[in-house]
Amino acid sequence: MSAPVNGYFGYGQSPTPNGGAAPPRQNGPVQTYTATHPAMGYYGAPPQQQNYSTISSHCTVVSSKAPVTNSAPHVNNYYPNHHHVAPPCSAPLPQRHTAPSAPPSSGHYAQFPQQFPPYATQEAYYGQMSYHMPQAQCQQQQPTLLPAPPSGPGAPVYPIVSYPSAPGTSQYGTLVSSQTATAPGMLQYSNTQPASSTTTATGATHPGYNVAPPSQVAPAVNGQRSTVANTAHQHYEHQASLNYDSYGGGGTNGERPASGTPATSVHSSPGHHQGGDTSSSTTGSASPVPNSYDSLEGGNFPDSMPPPTNQAPPYSSYGFPAMQPAYPQGPTSLTDSPASQDLLGPTGYQQYSQPFPSLSQLSAALGGLSGVPELEVEALRPLNLLQERNLLPPRPLEAPEPNLSSELKKVNCSPQTFRCTLTSIPQTQALLNKARLPLGLLLHPFRDLEQLPVITSNTIVRCRYCRTYINPFVTFLDQRRWKCNLCYRVNDVPDEFMYNPVTRSYGEPHKRPEVQNATVEFIASSDYMLRPPQPAVYLFVLDVSHSAVESGYLKYFCESLLENLDKLPGDSRTKVGFLTFDSSVHFYNLQGGLSQPQMLVVTDIDDVFIPSHDSLMVNWKESKELIKDLLTSLPATFSQSRETHSALGPALQAAFKLMSPTGGRVSVFQTQLPTLGAGSLQSREDPSQRASAKGVQHLGPATDFYKKFALDCSGQQIGVDLFLLSSQYADLASLACISKYSAGSIFYYPSFHHIHNPAQLEMFQKDLERYLSRKMGFEAVMRIRCTKGLSIHTFHGNFFVRSTDLLSLANVNPDSAFAVQMSIDDSLVDSSLACFQAALLYTSSKGKRRIRVHTLCLPVVNQLSDVYAGADVQAITCLLANMAIDRSVSSSLLDARDALTNAAVDFVSAYKNNVSNLQQSGLVVPAVMRLFPLYILSLLKQKAFRTGTSTRLDERVFAMCEFKTQPLQQLMRMVHPDLYRLDNMSDQGALHLNDTLVPQPPLLHLSAERLSRDGAFLMDCGSVFYLWIGKCCNEMFIRDVLDYPNYASIPPNMNCIPELQTLLSERVRAFLDWLQDNRAFSSIVHIVKDDASAKATFFQHLVEDRSESASSYCEFLQHIQQQVP
């Protein structure tokens, strides 16, 4: 692809007819856009070609080394096909047992247990179940309160209201399968492979990895798309067994016949509830067993739509009152406002020569306001940024409300879960292009919820055509038919859906909980399972080299795990294992019956094998005492280590072999650059270039080893989380791939040391406590559907794109978010509403298969004024940041910075061109977008994008990783921190929460001129609070809050606020606690004195001020004005 000539993002245009659907094995597409500005680089630079390894679902047992192979149609060989077993070991832990580097030739030692149980028919696994309850007993049932299983010891117990089934019906259906044990397409695992399906690979990049044939070569850069010439050997596809073209709960089109047994249970569950044990569900359908993850959750729009066969008459002709509001009938006229003539003079700043335009003038200039409410009229009020000085609201900015009816607003999805950059969707791509704003979604699908409706039903009602889950925005044509709000197809209402479990009445399908809540969770039946739900399995991979011992992290990790061992999400099947490494790999036998743990050492890192197959991953309850003994003795075992090398790659290969049979979570703790074996790295950072204003190099990985490893883990439902605790460069750009492509999390603690850096130690301990106890979802997939005419063309986050729009998430956690870019393929002229639905299918840590569904509804508009009135400036900023990170990796950091600046220039230019007949000079924007240039400047000064300021390469890469995965609220605190003054807080506007008064000080601009030396100022940066104390700060505040008599007595490294029984202390701590309530990870507090060296970090966040390498806010505005044509 040739490089276009501008640095603009080009938000909405889709380069392919279907919106640029990405082929399998890549995290999104590359997009091309219209040039509007002089050459400044481009986002769509072609990614470098990379080879993909194949993946194994089972291993072939042989007694000697076999060549690395690819398989077709079955991909079987991942590592060399031999397995080593160490001789029996019985010595205590400190004594190491070194396993031989080659296995015994005996077939007894070469035998490897079967990894996956063969899957029988559905009847054979679940059995025929039929339960009937006497009618009289059913009529006497009343709603009962059931305790929700707590998420950990001491957790509060919330009531779950469980509603009985309809009178005369059963709570359970009868499971009927249409497949037999030998049905074609049945997914089974075995240890053998047809000889004809094996071909010899042409080479391998690293030991233990295969190289795909040339036809399989396809880059998979996050946020980019490429083409695959031949998908015959795709990663997770088994010929005739796995195909990803339908996402149904069963048959060809996903339909399930009504069981005739209305039975539903619904309860409201706390968001952190991991249970679901209080209810169960089977299906009464005769749908076939699904044979792929794609067929589990259903397909999207096929390439062509068959002509409708059951179109219903208009809603009004049925005379069915009290139904869900239908879409307004009839098309809406498309009248894009014509571009105005550019009547302005030079682009330089000029003083106004006449009063500012009235709203009526503005309305006429923008093509008229189509029924915009008063609140949105205020959003369109024009502001001259060169004259306005106080732009910040008194409180943190809230998400704009869509212009919907009050009924739809009540049931719409929360903006904390589902947020769109434009809360009014343009009717056409042309109108979107005219607005010069990106169209995309920001999604936080698994976040902790206080209340979550959990529904158990025999039938999960979905559209027969597009597989959309029924939701509050469908249209009921009558009691027996409903129209999908995404594809507009008419569906039948199942008999079971006629019964409302809330009111225990018939004939009110529109009052069912699925139609009254935009966020619901279904207990999935066996139709949504490829295999029995996996148990929660946790493997901890620990660096025990000399640098790890010096940092001191191992002691605190072991202490934290001991404290939180009982809080690990799981049930009686939960398994735990440990693996340590330096220049060799150490396994730990924790099998029940041993008096103490046994260490098994494998020194042959070029050919890592598993010394034991049944005692390394153990049931944590059965081996609890051995696990505690190991954690207690582990720090002392390696306290005298002088081994400086790190064999991370071989340790990861061993972890893959241990986890492949089940899947689960691998937690990797690394403290240095990997130096031995597969995946070894060399330092690429030049410290002298950290402050360079030129381009930053090495933002991408140095090897594809870690990416290939992550892709293979994703195929076996293994998520990998990385904790990097390094005082030196560790090449996070390469190491981060193990989490990026396996849906894992990344934690980074620069300059970590348990003595010299207590702040990092405190953050590590708090993060680890949250990490070990937060809820988990396993073997998950997520699909985002949207109204016909809209399409998704790029994804951002940590995941693997399994098919064009199906994200594979081996693990899903409540702290990770995702972003997608969208385009408008077809005109939405016949639609007044656009809807988006995200469905997350996952296995809970309790072994329950669940589906969490979020549905968002937004209005469709045909006026530019309405598009601007609904702009969400924070969502736009976060989506642009994701796009700029992709540009940084694929092109250069300077191109990404230019593209961010051009995004602001393009928007101001577009707005100016459409109000130019008002003859206004200056930098004029609508009030709703008044913070946009400030946010862009803040991005340019953030670690991920800044130049000229000394920034470690690993810290820059970590900042980029955070932009890809953090929820919007957390990202905005990183981009533009909140600044408050605390020493003069009053009760005005204070909140009264649980008998506690929480002050609400106003927000301050991030400028040194807003500080005063007689005050105390709190800066909220998301993960860190800075409390800046002026030299002349009131001594009463210092005494009552910090417990020191005066300013001079405050220690330089104070990082906590003591609990004092004073009014000021209580109010400050109440305010801090209130800020903490809305975030998952606890933030640490730094007390910064005015004369301390740490104040440089504090002042770096004052983004409105000029620095040595970056302009001030006023200078940035003048630069934008000069660039506007």
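Cβ coordinates come from backbone N, Cα and C, glycine included.
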Look up region 'Disordered' in TrEMBL and report which of 187-221, 397-431, 677-711 it refers to. 187-221
Which range is it, out of 86-108, 132-154, 500-522, that shows up in TrEMBL as region 'Disordered'? 86-108
Across 460-497, 872-973, 999-1072, the most C-beta pairs under 8 Å with the domain 'Sec23/Sec24 trunk' (533-772) come from 872-973
What is the pLDDT of the domain 'Sec23/Sec24 beta-sandwich' (777-861) when averaged and given as a whole number? 94
Sort the residues of the domain 'Zinc finger Sec23/Sec24-type' (460-497) into helix, strand and coil with DSSP and give the three counts. 3 helix, 12 strand, 23 coil
